[in-house]
Every structure is written in C-alpha cells, then in structure tokens.
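Q: Here you go, one structure.
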Amino acid sequence: MAPRSTQVAVIGGGPGGYAAAFLAADLGLQVTLVDAEPNPGGVCLYRGCIPSKALLHVAKVIGEARQAREWGVTFGDPQINVDALRTWKEGVVGKLTGGLGDLCRRRKIDFVQGRAVFRDANALIVRTESGTEEVVAFEHAILATGSFPASLPNLGADSPRILDSTAGLALPDIPESLLVIGGGYIGLELGSVYAALGSRVSVVEMTSGLLPGVDRDLVRVLSRRLKERFDAVMLETTVTALQEESQGIRARFEGHGATEPEQVYERVLVAVGRRPQTDGLGLENTRVALDARGFVQVDPQRRTHEPTIYAIGDITGEPMLAHKAAHEGRVAAEAITGKKTAFEPQAIPAVVFTDPEIAWCGLTESQAKQQQRDVTVARFPWAASGRALTLGHSDGVTKLVIDPETQRVLGVGIAGSGAGEMIAEGVLAVEMAALASDLSLSIHPHPTLSESLMEAADVFFGQSTHVYRPPRAR
Ligand code: FAD
Ligand code: NAD
C-alpha cells in the first residue's frame, strides 16, 4: 500500500497540536493530525482545563450561595445530583471537542484517530483504533503529545480509591473524606471542587507553602480561605505509605505539619506534577533530544535537533499551560512556512482557578528577589475597592512589579475573584512595555475590579485616590 503523505503531520491533538494544525492549514499547508481520541482536544479539553473549570464554576456558585447568608439571603444546603453534574460537565466537553472535529473537517485537515510512532525523520507509523497500521510520510512533523500525571509508586497501595487528576475529574462519587497529595494547581483546584460538593478535604504539601514558586502575598489570600474550607493543610509534610483497608486508604505522614501520624481517608488524590509524554514515540529513530528532566529540547522556533521535527506544548517543558502550548503551536506552524518568527513571550500568564483566583504574569516579586533585581512593588488592596466590597471579596490584592528607573511594568500579580480575566490587561501591559503612567492614565470603568490595576499604578506614584501613600515624581 502506498504511504499516505502530507506536508505537515501533527502528533497530538491538544491545545498545542490543534492550534498548530489549524494555523498550518490556514496558511495553505496540507495537514494530517493524529490523536488517540475521536476528536481533537487533548488533556485540556478531555481531562484538564475544561472539565475542571466546569466543576470549579459549580464550586463557586455553592460558595457564593453560602456567603449570601452574610448579606441577609439564606439558601438551604445544596442538593447535589452527581449524575446530572457529571452529565453536564461531559456535555460541555462533548460540545467543545465535537466543535474542534468540525473545524478540522472544514479546514480539510486529515484527522486520523490512532497512535503515532516515528519510523524515521520523514515518516510515522500510525496504529489506528481498529488495529491497522499505516505509514504517513511527512515533510515536517510537529510533536505535541503533552504530559501525563506523575505518580508516587513507592507508597505501597495500588487501589481504585487512589485517584489521579483524570480519575478525580471523572467524578465517580463524592467521598466523605479526601486526602489530596500535592498543594499545587491541581490539588487546590480539585480539592476545592470536592470540598464544595461536601467532602472533608485534607491537603498534604511537601514544601513550606501552597503553590510553591508563587508570590506569598498572593497565596496568603487563598490560604486564609482554604483554611476555612479544608479540614487540614499539612505543610512540610510527605506521605510515607498508603495502605488499603476496608474503610478506605490509611495514609502515614512524616513532617512538621502532620496533624496525626496516620489517618484513613475514603479516597486519595495524587497531584504531584506532570511528566512529558515521550515514551513509545520512536524518538530513538530520530535525532530528537531530551533534556535532563525528559523534556524535548527545542530552539526559539520550536525546532528539535531533527530539522524536520518541531515540538510544542507540555512536552517541551514549563510552564505546562494550554495557552503556552497553543502559542508555541502557532510559532511552529509559521516557522514551517518560512516565516521569521520565534517563541519569546515577555509574559505567559498563569491562573489558579480557585476561589479566590490567583493570577500573575511577567516578572514576579520572588523572581526579582532571586535575581537581585531592583524593583518597586505597588500594591492596591481590594479593601479600598468599591466593586470588591459589593462582591464580598475585599480580601484581594492587585500588585504591579515596576522598574523604578524606567517606570516600566515588568510583572503583575492579582489575588481575588476574577483575577484570571483581569490578568490579560497585565499581559498586554508587559508585552507592550507599558509604563506605570500608561496604566494610571487609562480610564478604567467604575465600579470594576479592573480599576485596581489603574489604582496600583497610582499607588506607585503615591497618588491613588483610595489609598494614601507619600507621593513620588512622575
Ligand atoms: P495535551 O493537551 O496533553 O495533548 C496531547 C495529546 O496527544 C493527547 O490528546 C494525547 O492523546 C495525544 N497523544 C499522546 N501520544 C500520542 C501518540 N503517540 N499518537 C497520537 N496522539 C498522542 N492549563 C491551562 O492553561 N489552564 C488550565 O486551567 C488548566 N487546567 C488543567 C487542569 C488539569 C486537571 C490538568 C491535568 C491540566 C490542566 N492544564 C491547564 C494544563 C493543560 O491541560 C496542558 O498544559 C495542555 O493540555 C498541554 O497541551 P499539549 O497540546 O501540550 O498536550
Ligand atoms: P504542581 O507542580 O502545580 O504541584 C505539585 C505539588 O505537589 C507541588 O506543590 C509539590 O511541591 C507537591 N509535591 C510533589 N511531591 C510531593 C509529595 N511526595 N508529597 C507532597 N507534596 C508533593 O503540579 P499539579 O498540581 O500536579 O499540576 C500539574 C501541572 O498542570 C501544573 O504545573 C500546571 O502546569 C498544569 N495545571 C494548570 C492549571 C491551571 O492553569 N489552572 C490547573 C491544573 C494543572
């Protein structure tokens, strides 16, 4: 049988892969997209960003209904129909992934459901769901196979009661108690979902704080709320053993923060990071090289050591975020057409979609400290924001990390409701090399939380209407 041939073969249909495939097709290239699922979407749509955000929305509604008591409105305890909730969440995923399949067809992209292995630097062998094998010859390939959950294999138990993020998002039921191992993005987002649905949630985190690496003043806003919602947050603690018993999983703890030396939980969620998906791809048949942590090495155009093969998304390293994958995908597609392009963002935003949300972009205060870089941090506390008070969210904070000499905005951090939406203005400011005066002089609508960005710039000049600070020259 003659091999199928294509100008661009994209392996993996996540936000990196499908963004690359769609732009390559829009730029006039003939594209084949291979993915194991029936439609594009990848981890983000099937078992990541989208299902988690659907569930977090429900958690937020439950939280606000509870908070409404403070405003004189009392709702009864929520009645949760887990089957209906799961069906709604799966419906959201189905609509989006089905829509992507449709967009593929409209762009005349050849979508192949199967697993691809590199035969060499110019051809893939694709094993389809039905077990057939097909050779796909390519001029260029874009590798976008993403990542999978890291596990803790040495802890002992192998049980259906121990969940990874995929199993946790499947929402099998609402356990009475849940131990979350890992106080990072997934642990806190999924822990928040289960706590809102009624589970008693405990988090164990091996470092000295939740969300390691994120500025502490932002994390503090979230930690205060999580202390009320979670049964326990055990910092500087690890789990040394997991053992299955009739009542659940017995976990043994070691470390400063352990509330008990051991305890039994109905379920355990392991959320200790993700690993690049590089196994079983036939990379040994190519010159694609990995770094010490197993990520694919790429140049600024996302070209690997093998000139015909590009790599994008989680497989190329941190930050493992969907929008970073998509942006890299678009760069790779453009590079293949010969366009002078490079992946060199000044600001990749990050958002933890808890309640409150934490968001940041550009230079963080902790990075500035590590780099011994002189910066001025201008903070606007939400207690001074009219909008925040009307929403019952006065504990938030917006801050700008500013170069004191040029007055350029280098980074932005926000903790509070809607931080994930607001950070986009920060990204634009950092990417456009905005000065603090640009933010200060741009009229922001009142009353909105977005005003906090303008007022943080005003704080920098000591001229915020709602915060008094000694003035500084413009
Ligand atoms: P992926 O989305 O991982 O897709 C890779 C695809 O490749 C998969 O479909 C897989 O089936 C396919 N594949 C693998 N091997 C092969 C093969 N040999 N042949 C064919 N196909 C193959 N990021 C955010 O930015 N915001 C969020 O809110 C967010 N929430 C998340 C929540 C959870 C619970 C998780 C787990 C992740 C979350 N992420 C979030 C991270 C985000 O999902 C990833 O950064 C993103 O999906 C990476 O995209 P990618 O294109 O690199 O690969
Ligand atoms: P993570 O790196 O965010 O957090 C893992 C946490 O586990 C860290 O705090 C780490 O110190 C801790 N840890 C590691 N080993 C441990 C151990 N043995 N015992 C106790 N704690 C331990 O990883 P994650 O939460 O699994 O998420 C993976 C990635 O997925 C994220 O880094 C992010 O890139 C992506 N993600 C993004 C979003 C979002 O954008 N909102 C949401 C979910 C996931």
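Just so it is clear, glycine is given a Cβ too, placed from its N, Cα and C backbone atoms.
Since we're looking at a predicted model, the values are computed, not measured.
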Q: Which candidate from Glu205, Glu245, Glu254 does TrEMBL annotate alongside Gly182, Gly183, Gly184, Tyr185, Ile186, Gly187, Leu188, Glu189, Gly273 at the NAD(+) binding site?
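A: Looking through Glu205, Glu245, Glu254, the residue TrEMBL assigns to the NAD(+) site is Glu205.
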Q: So if I take the recorded positions (Gly182, Gly184, Leu188, Glu205, His446) and measure from each Cβ to the nearest atom of ligand 1, which come out below 6 Å?
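A: Not one meets the Cβ criterion.
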Q: Between Cys44 (disulfide bond) and Gly184 (NAD(+) binding site), what C-alpha distance do you get in Å?
A: 17
Q: May I ask which of the recorded positions Lys53, Gly146, Leu188, His446 have a CB within less than 6 Å of any atom of ligand 2, listed in sequence order?
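A: Among Lys53, Gly146, Leu188, His446, near ligand 2: none.
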Q: Of Cys49, Gly182, Ile186, Asp314, which is closest to His446 (active site, proton acceptor) if I measure between C-alpha atoms? They're all recorded positions.
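A: Nearest listed residue in space: Cys49.
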Q: Within 10 Å of each Cβ, count the other Cβ atoms and name the one among the recorded positions Cys49, Ile186, Leu188, Leu321 with the highest count.
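A: Neighbour-count leader: Leu188.
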Q: Which has the fewest other CB atoms in a 10 Å radius around its CB: Lys53, His323, His446, the listed recorded positions?
A: His446
